[in-house]
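Structure first, commentary second.
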Amino acid sequence: MNLTKIYAFSPFKSNLVQRPTSKTTINLSILEVLLLKCQSSKHFGQILSQMISTGLIRDTYAASRILKFSTDSHFNHVNYSHKIFDYIENPNGFICNTMMRAYLQLNQPQNTIFLYKSMLKNNVCIDNYTFPLLVQASTIRLSETEGKELHNHVIKTGFRSDVYVKNTLINMYAVCENMVDARQMFDESPVLDSVSWNSILAGYVQVGNVDEAKVIFHKMPMKNVIASNSMIVLLGRSGRMSEACQLFDEMMEKDVVSWTALISCYEQHGMYTQALDLFMQMCATGISIDEVVAVSVLSACAHLLVVQTGESVHGLVIRVGFESYVNLQNALIHMYSTCGDVMAAQKLFDTSSHLDQISWNSMISGYLKCGSLEKARELFDSMPKKDVVSWTTMISGYAQHDHFSETLALFQEMLHEDNKPDETTLVSVLSACTHFSALDQGKWIHTYIRKNGLKVNIILGTTLVDMYMKCGCVENALEVFNEMEEKGISSWNALILGLAMNGQVERSLDMFQEMKECGVTPNEVTFVAVLGACRHMGLVDAGRSYFDAMTRYYNVEPNIKHYGCMVDLLARAGLLKEAETLIDTMPIAPDIATWGALLGACRKHGNSEMGERIGRKLLELQPDHDGFHVLLSNIYASKGNWDSVLDIRGAMMRQGVVKIPGCSMIEANGAVHEFLAGDKSHAQINEIEEMLAEMEKRLKIMGYAPGTDEVLLDIDEEEKESTLFRHSEKLAIAYGLISIAPPTPIRIIKNLRICSDCHAAAKLISKAFNREIVVRDRHRFHHFKDGSCSCMEFW
């Protein structure tokens, strides 16, 4: 390299380049003085010019000093230092090490390796400081292969016994998670210092090997703070919190990392109160907090909803002076929004000068948690960049607030924008599909999961099982369940409940038995599913047995849902008095749904006296409940007591109680269609009317007689028949017949319980049109095929 090149690169071009002089203007002593005073690249260029013009650059020691100063300075770029290095004639090991260390410190390990290769070509002398730098470079690159090659060079060059070299090799193997070779080097080393012990311990901590880490830790001659802190992290990460606490208490010396490690362990294991208590102790000792512990403590405050404590931590953060750190900003935004103070979160968001993706996502999540969906969407739409977390947060927010249409629409937009959903996104979308019984879209998502190789974890697998079950696709649900590598109690519960809802009660109870044989202990949700199965088929004795087994064998205390199932089971079976006695003797106050189950059974079994008494009681308890008004009105109507019917209807009008209209949804050609009773608003209403007429014609040939007792109004029979045939499920069936080609089943979801007339008509329609019809009503599934129903007339 010639002089022109280095001065062209230099920020200062000395006239000495053009008029070199042999007069000595600088020597080693003067150089040291000049370097002490050097504060700028311009001044440095002048010194370098003098060294080159006087030939002092050829002095190895002087060259090493100027290069070392250049690499350590904040004003010289590393490339500039490398040009100086290239100009030095016959660089020794120290000079080469200096250049390699400079690249290493700037996180350019590849350049360190390249430099070493050039040293080998030029036969530069290598010393015991060279190899540690090279091994560190391989460690940063996580290149174990490269590290092993360097290990061979160490052996060939005779540095294998150097403790400094050995420590870096132990660390390299440990970082690359090759604990076999790391341990072999450790065990073979004749000299072990604190770095050796800490390196091997750190390796075992990194790979999570608690047993070996404990062996090393207990053998350490001197247990320093670093080693103890590492063990606390490992024990906490492994769930051994009592051991982590014991080690913390035994430490003679603790630093901020010690406290932070244990507090973070508490927070990560959901022990939020303990995390805050330990943080208070830490503050009492006078130890200054750092960013990591503040983030953990703010997370604990968010989980405990203790905004006052969070505010105190916020004040402490401001006093310490790192409020502007983006991780802390995000933790504060999350804490305030989770605790309901979304205004404080918004203020932080608006005033922050260091917003990142997490900041935006945290703020959107905060609005969603507070129910401010419009503000969340406004912020979402204004994001400079959206990642999968942004999309998932917004989609999940819609789903959690029952905005299922928006959930599906935003999911379609996400796909259109070429964003790949993850497992969490798909769980929310599948929940929306389940609500709408949108089987086609649910199947598409299942196919997407398979094609993209997404892991079907417990949550996603259970959601798929639930979706298929609630769309009436039992075999698909069983296929997903059987393919799941890991099944949780929630997975079994979804299967047991789904089978029962779809009329496969015996299979449901068999699965309950299989679950126990697999070693899975049933919980309270399981027993809701099992008792529900008994309820769907009227298995009174089995229900009593399972109800008794809850406390006797599984230590599950019955809650209101279990009592509600038993009351419904007894009442549906006609054991009205026993059901009422159970309500009266419950150790907990019965809820409206439990009384409602008994009232509905009174209507079904014609016990007008009990029905009137319970109905009046329920109207006193909840005068705005439309269902109780309707049931009591129907009981009066069944007796022909039209005056009382008018009284009930009048009371409903005065109190503003509106009967929820029957609504049925059907998915056809990728879209969900909704029908209300008597609906005439559909775009294809003319075709639907024609199909209704055809349905009525075929059913009458088969001997169908409308069950006009379901229309409990004082109107003539002909008008009652007309009203019955415009129930929402019949409209949906008619649309299905004209829109869904056989043999695809017609799948309908209804918001209320299917009436007796629609149930009878659906059986006949399935036979008359040779179509399978699946109706999911408020309580269960009805699979109509060849003139029969899976419920076996018990619903």
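Positions of Cβ are set from backbone N, Cα and C atoms, glycine also.
Here is what TrEMBL records for this protein:
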REPEAT    193-227  repeat 'PPR'
REPEAT    255-289  repeat 'PPR'
REPEAT    356-390  repeat 'PPR'
REPEAT    457-487  repeat 'PPR'
REPEAT    488-522  repeat 'PPR'
DOMAIN    703-795  domain 'DYW'
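Against the repeat 'PPR' (255-289), stretch 193-227 shows more Cβ pairs under 8 Å than any other of 193-227, 356-390, 457-487, 488-522. In the predicted model, residues of the repeat 'PPR' (457-487) average a pLDDT of 94. Counting residue by residue with DSSP, the repeat 'PPR' (356-390) contains 25 helix, 0 strand, 10 coil. Helix, strand and coil content of the repeat 'PPR' (457-487), in residues and according to DSSP, is 23 helix, 0 strand, 8 coil.
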